[in-house]
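> Input: one structure, supplied below.
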Amino acid sequence: MAWWKAWIEQEGVTVKGSPHFNPDPDAETLYKAMKGIGTNEQAIIDVLTKRSNAQRQQIAKSFKAQFGKDLTETLKSELSGKFERLIVALMYPPYRYEAKELHDAMKGSRDDVSGFVDPGLAVQDAQDLYAAGEKIHGTDEMKFITILCTRSATHLMRVFEEYEKIASKSIEDSIKSETHGSLEEAMLTVVKCTQNLHSYFAERLYYALKGAGTRDGTLIRNIVSRSEIDLNLIKCQFTKMYGKTLSSMIMGDTSGDYKNALLNLVGSDS
């Protein structure tokens, strides 16, 4: 199944990087784009949105070696507003960006390297969740947190099935009745991500763009963090769910260099 997983991952990627990559000319292009009076924003977009994160890290090293300056700090000094926020987000290594932006999604300690599910452990986890919530007066919140945040997505899908058999209600309904506030929201996020990851991110992007104003933090975070993972698949799910493309909503809700950079990251609708 390794070939299938690799194919799915490649199909999902919207930012694949440059096949003939050399960081030195890219660093020079960025330096010239920010040298002197005025900034060539389009040159910055053309380089940074068309390179993978690993390539951006090499460009930053080359920029420092050639010009003695930190690339991210230089970008911050030359750009502003939402465009600056997006471009700077692209410069974080993925693990640092996840830690900075997505710690509240409680995904950091999950073990998703294997699709193997132990049926016995899944049943035990379901029983433990039931015992920690519906079966007692009050809730053993640490038991919920431990299971939801340390098991793989495939394992949790089996746990939720077993839980519904035991409790005669869904895990979501139990979480809603047994917890509240930010803990409830975090737990429901984990469950939603597990059950349909692409629907979850499609929904997040839709509501970031829907209605008056744009939730730019949500928009930037989800596009940047998923562009080298599964953004193409999220785009397909977005269109199925809402009858319009992600690109069309970005075009309608954003403008200028910010819009152009977002559209480059999202890629074509074909």
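Here the Cβ of each residue, glycine as well, is placed from N, Cα and C on the backbone.
Annotation comment: TrEMBL describes G211, G213, D253 as Ca(2+) binding site.
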> Within 10 Å of the Cβ of G211 (Ca(2+) binding site), how many other Cβ atoms can be counted across all chains shown?
9
> To which of the binding-site residues G213, D253 does the lowest count of other Cβ atoms within 10 Å belong?
G213
